[in-house]
Amino acid sequence: MALVLLTNDDGIFAPGINALRARMEQIPGLEVWAVAPDRERSASGHAITTYRPLFPVRVEIPGAVAPCISVTGTPADSAKLAIEAILPRRPDLVISGINRGANLGTDIFYSGTVAAALEGPILGIPALAVSLDSMTSSDYSAAADFAAQLALKVLEEGLPEGTLLNVNVPALPREAIKGVRVTKVGRRIYRDQWVRRMHPRGQEYYWLAGELAEIHNDRESDVSAVEAGYISVTPVHLDLTRYDQMDRLRQWNLTF
């Protein structure tokens with residue numbers, strides 16, 4: 001029986017992970033566990049906790065069959081702790097999500113959803129990161145169905161070592177989704193604004209605000225696919241090396 005770990009960055013009680021859990025529980029032959037942060041931890045990146053202990057707590061989720069465990073840490077903490085200490089054995093697949101909001105383009109470098117999924121490849125386990133392109137929709141059914149379908153395919157076919165699939169689903173009625181595109185990481189740049197405020201006790205503080213900048217992305221990008229109404233599936237690899245630049249750097253004759 002294949003063991004599947006579900007995790008996220010929105011927290012164990014978030015609707016996305018519970019829609020995914022409910023869908024995965026329907027698949028015969030799978031053992032499902034959900035281990036996720038105890039609260040909202042979006043945009044945590046790949047932070048892990050080394051300065052205090054982590055407390056896993058079994059929680060009750062209405063209708064859940066799978067064990068559901070909250071962790072007092074980051075998304076990466078939750079996945080790492082689950083794989084190395086909590087689960088009864090090594091999982092066959094890690095799925096992070098379903099995230100509230102897209103993780104497209106350069107979002108992946110900030111995303112707690114993607115970071116939690118990356119703990120799979122870091123430890124030699126295939127993984128999916130799944131996001132819905134909406135901050136307000138409560139309908140995760142299409143994303144859950146596609147994630148379940150893709151999970152079975154990955155369990156059957158496997159993925160290359162060090163690889164995860166980053167999946168983004170447009171927030172459209174099921175019948176309006178045009179299909180699936182295999183894509184590359186696009187560009188998604190924000191015009192950041194730091195809103196300065198003053199605490200009643202005299203200390204200044206800042207809120208990060210801003211909006212998406214208009215960036216041209218070609219048709220093969222994840223950004224363009226979702227904007228056009230397609231589900232994007234992007235293979236992402238742990239190895240960030242620019243091999244084409246290694247010889248050029250050697251020609252600099254760097255010394256010390």
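For all residues, glycine too, the Cβ spot is worked out from N, Cα and C.
Here Swiss-Prot flags Asp9, Asp10, Ser42, Asn99 as divalent metal cation binding site, drawing on sequence analysis. In the three-state DSSP scheme, Asp10 (divalent metal cation binding site) falls into the coil class.
Among the binding-site residues Asp9, Asp10, the residue whose Cβ has the fewest other Cβ atoms within 10 Å is Asp10. Counting every protein chain shown, the Cβ of Asn99 (divalent metal cation binding site) has 31 other Cβ atoms within 10 Å. Under the DSSP three-state reduction, Ser42 (divalent metal cation binding site) is assigned to coil, being neither helix nor strand.
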